[in-house]
Amino acid sequence: MRRLAARAAAGDAGEVAAPGADIWDCAQGWSWSSWSLGGAIEIPMDLTQPPTITKQSVKDHIVDPRDNILIECEAKGNPAPSFHWTRNSRFFNIAKDPRVSMRRRSGTLVIDFRSGGRPEEYEGEYQCFARNKFGTALSNRIRLQVSKSPLWPKENLDPVVVQEGAPLTLQCNPPPGLPSPVIFWMSSSMEPITQDKRVSQGHNGDLYFSNVMLQDMQTDYSCNARFHFTHTIQQKNPFTLKVLTTRGVAERTPSFMYPQGTSSSQMVLRGMDLLLECIASGVPTPDIAWYKKGGDLPSDKAKFENFNKALRITNVSEEDSGEYFCLASNKMGSIRHTISVRVKAAPYWLDEPKNLILAPGEDGRLVCRANGNPKPTVQWLVNGDPLQSAPPNPNREVAGDTIIFRDTQISSRAVYQCNTSNEHGYLLANAFVSVLDVPPRMLSPRNQLIRVILYNRTRLDCPFFGSPIPTLRWFKNGQGSNLDGGNYHVYENGSLEIKMIRKEDQGIYTCVATNILGKAENQVRLEVKDPTRIYRMPEDQVAKRGTTVQLECRVKHDPSLKLTVSWLKDDEPLYIGNRMKKEDDSLTIFGVAERDQGSYTCMASTELDQDLAKAYLTVLADQATPTNRLAALPKGRPDRPRDLELTDLAERSVRLTWIPGDDNNSPITDYVVQFEEDQFQPGVWHDHSKFPGSVNSAVLHLSPYVNYQFRVIAVNEVGSSHPSLPSERYRTSGAPPESNPSDVKGEGTRKNNMEITWTPMNATSAFGPNLRYIVKWRRRETRETWNNVTVWGSRYVVGQTPVYVPYEIRVQAENDFGKGPEPETVIGYSGEDLPSAPRRFRVRQPNLETINLEWDHPEHPNGILIGYTLRYVPFNGTKLGKQMVENFSPNQTKFSVQRADPVSRYRFSLSARTQVGSGEAATEESPTPPNEATPTAAPPTLPPTTVGTTGLVSSTDATALAATSEATTVPIIPTVVPTTVATTIATTTTTTAAATTTTTTESPPTTTTGTKIHETAPDEQSIWNVTVLPNSKWANITWKHNFRPGTDFVVEYIDSNHTKKTVPVKAQAQPIQLTDLFPGMTYTLRVYSRDNEGISSTVITFMTSTAYTNNQTDIATQGWFIGLMCAIALLVLILLIVCFIKRSRGGKYPVREKKDVPLGPEDPKEEDGSFDYSDEDNKPLQGSQTSLDGTIKQQESDDSLVDYGEGGEGQFNEDGSFIGQYTVRKDKEETEGNESSEATSPVNAIYSLA
């Protein structure tokens, strides 16, 4: 069983019973008449009036050359107008051409070619003029063109040779026709070419192969052109393909076949269709996707064609301009093409001029407003001539797109034309000015009877005329006020629409038209009828062949209407044969046969409406076992409920009843009742309540002063039905509000104000008209009297407030029926300002390595304190280092700075922060170090420390102090210490024979391959002390945090090619190893919380070692290694003592050759008392030679002292003693490592192992 949603045509309408009345369109309830709802009032034809064009040919008129030419032009007027034509703006003398004639009482031209002649001779631009004594009306300029279908040029096409997998385009190039022909591809045997996303026809008619396959040789390809007017098809000579095969087709990234390049532009006119096309080649065949930059495609107007290769946007508007791009992609890659779309517009009407009917002495105006792109120009004509050349009229004034008439007289009658145009087209409109004195008159038959079905809508027409234009009012049953508003709506032409017919709407309606010359009236009698309903519908049945089946159809209808019940089988009228019997409430089939299987529809109809119900009959063979057909029927969403009715109307409740729709083989489980109100959110539907599927009537509880309208949605396991048609409206009476607005807040937007905001109440909580809010506020500390103001919106700004003080706030709802309950008090704050400086800022230095900072909170926070900002910079005399910045939580009042050297001092600046910004800063300097107070001779300044590939800082021995005696100077073995590298400070460790000094120097962020960020653990949730220990292809990452156990993190690192990668890290999974790194590559890295990316570590930079670096396990802490180093150190010490003893006895070494050579002032090795060894690093040592592989070989003994210096030069004092520096040989470490081919001295062995 299935009730159909179709209602008969008359079901939504009224029926006019009076003879001579207009014929009603029962499907809509409107009459078929020329009476426009909103247009200008027509002058009855028995009154004098200027001409009006009623029919004309289209602007671009294309004709078939085999037929006679017809150019239409019809007009009306009183007296009847005469016609003449122009051709190409010159008078067209019809009488001189025997082939041309004009139809009687019409301006339509007929050009007859039965006696010969060429249609092409009559091509041109035609315009029709309709004239009587009151004016002249013009048709559009009609461009006449004769259809053309030229023949295809003859050509011999060679076979097309193409490699398998390559792209191919077969060009069509059809002959130009008028209009353009329709292109399609077929084989020479007239078989259509199968198209898919690989092979398809473009908009230009060409056939595109994204990649050619062997199967494409199985047919030939012919382009065909079909011409519209001649109904002929022309075929181009076919293409044949020869495909060259290969062992394997190489896969290729996509490339565009059409359009070419990466970008193009396209112009389209407003109102037309925009067609964008992208055809790409590639192996495998690419997929095409479309996007619009900066927005979405218009889903209601956009559709994809030609296997997504074309995007069509219908009825283009200015909003559719912009940049579109198509993306062609396959597994090998993707490519995009950007199309810039510009929307232009031919002129279109904003305000088209309308006929003006005036009484003598009245004022009026004609308005002609149009838009376009570019902006169109407006030209006024009167009776077909430019207004400038017309005789002057003192009662007429032209103001751009408007003509103003004052004190109009009979002589002002004329027809005005407005012509607006730009480069894309034109618009021409006629509007006459008629001056009449006519009392009101009714134009429709009197005393009409209209019958209409309950709950439908209808319209009562009352056509009238008069000059001056009468005013029209409607009354019911001859009494009461004018009907307009609520369930009634009066249109501009006087028609009365009743939106939903109820029983109480039955009665006599009177329309009255009045002007200064009199009045006229007419009456319409409205009868309301009950709807026709099938209350017992036929059921789906399964029957054996030869049995008897009865299908029930019981109907309820209005007794005053004649009921007709008919049956359809498979949606066609059922022939009632001798095996069938039709009764008023059933259909019986005797001896069921297989041909009786199908759907049966019961159609119950009256003159005004109808109802349908359908059932399906399944016929089984004798041996078959009847089954439940419902189990096999497809399930669907239920049909919408209908016939909503409101009863039991009470002050706070109403009963809603509805008729269920068909469940479509899935039982209805629930009904959702929704409501809409027309005051706060008209047109927006809200859920009201939910009821079981077995219920079709429910009592709804309502709020005061809401104009309710209800609808019902049915739900089953498949989904929800469409909403029912809405019920009639019901307004409840008003009451004071029972609640106040929620989410009341007070926050400052400036330092001297406080903005009070709240969430406004909706329609169901307003309870009455003119909902407003009483806003009260006062200072919390002073407990002053309440300030109050009444507000209709949802915010109020209190001005001239002190900075950041608390206020008590109350917001109370009020309507015309009274006030709501006493509101709760909410605490708000006025605006914040910058805080004062932190108090008692102290700088203490307990030792040379640490500076402690302490401070107290600001005396005047002036807001919510969100933290502190510390800026500090090292300085030494007038030299400044790089400034560093630290941010602290609002509760932190201590901080320690680890000094990098004991010489420099620090200048500190500390400021507090509120949400407005940072306030006044407190400044202090670190104490003066003791060695700065008593300056002494300092050793020469050393070069900066270098950070090597092992992540350790190499120390550099200082030059020994000049000795004043021949006492033996014992060299110190350089110490290698690990360096803590911050992002702004590089630490240099200097070792000398006299003292050990740590200095801090300014440098940019240091890039190392072993990096550690040393930070102080903050009070709030943070990540700090991120350490990176890299190798050539991997790195170990560790960090510290104060998150709760079980927190997950993400390691994010970016290489120098800007490729970003992330590694999710489970809780407690440190250290983390990154295994996909590249040798010698620089990376930036950070660690952040997986739950809150805003909580992140400092970004650090590190570099992996080169591929040839021999990465060894750090054995510096192994016991056997320490013992070995001690033994080697002892051996080296003994060797050095022996060397010094020999030297003191007169032994000579190569370095004595330069002992008496003093350093000149221009010597580059000495600057400010320091030596620069950088220029010596890459020079061969004296007495050495270069091997074939570029390494430096020494000819002297491996234990020569040259090997222990930074070059081949040594320095001696006056007594010939040697001041040497025993450091790592950089060249050997950096170029050879453990693979050096020269013999390794003991000292070099130490450093190579380290």
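For all residues, glycine too, the Cβ spot is worked out from N, Cα and C.
These figures come from a predicted structure and were not determined experimentally.
When pLDDT is averaged over the domain 'Ig-like' (51-147), the result is 92. Marked as domain 'Ig-like' by TrEMBL: 51-147 (among others).
Residues annotated as domain 'Ig-like' in TrEMBL: 153-240 (among others).
According to TrEMBL, the domain 'Ig-like' annotation covers 254-342 (among others).
The domain 'Ig-like' annotation in TrEMBL covers 347-434 (among others).
The domain 'Ig-like' annotation in TrEMBL covers 439-527 (among others).
The feature domain 'Ig-like' is assigned by TrEMBL to 531-613 (among others).
Taken from TrEMBL, the feature domain 'Fibronectin type-III' covers 640-735 (among others).
Same-chain residues lying 6 or more positions outside the region 'Disordered' (720-750) and placing a CB less than 8 Å from one of its CB atoms are 455, 486-487, 500, 502, 637-642, 644-646, 649, 651-652, 654, 656, 658, 661, 672, 674, 676, 678, 685, 702-714, 756-761, 765-769, 771, 773, 777, 794, 797, 801, 804, 807, 809-821, 823-824, 826-832. The annotation region 'Disordered' is assigned in TrEMBL to 720-750 (among others).
TrEMBL lists 737-833 (among others) with the feature domain 'Fibronectin type-III'. With helix defined as DSSP H, G or I and strand as E or B, the domain 'Fibronectin type-III' (737-833) counts 4 helix, 47 strand, 46 coil.
Per TrEMBL, the feature domain 'Fibronectin type-III' maps to 837-932 (among others).
TrEMBL lists 912-952 (among others) with the feature region 'Disordered'.
For 992-1012 (among others), the entry in TrEMBL reads region 'Disordered'.
The domain 'Fibronectin type-III' annotation in TrEMBL covers 1017-1109 (among others).
If you look up TrEMBL, you'll see 1151-1250 (among others) marked as region 'Disordered'.
Positions annotated as compositional bias 'Acidic residues' by TrEMBL: 1164-1175.
Residue counts of the domain 'Ig-like' (153-240) by helix, strand and coil are 5 helix, 32 strand, 51 coil (DSSP-based). Assigned with DSSP, the residues of the domain 'Ig-like' (439-527) fall into helix, strand and coil as follows: 3 helix, 50 strand, 36 coil. Most Cβ pairs under 8 Å with the domain 'Ig-like' (254-342) belong to 153-240, among the candidate stretches 51-147, 153-240, 439-527.
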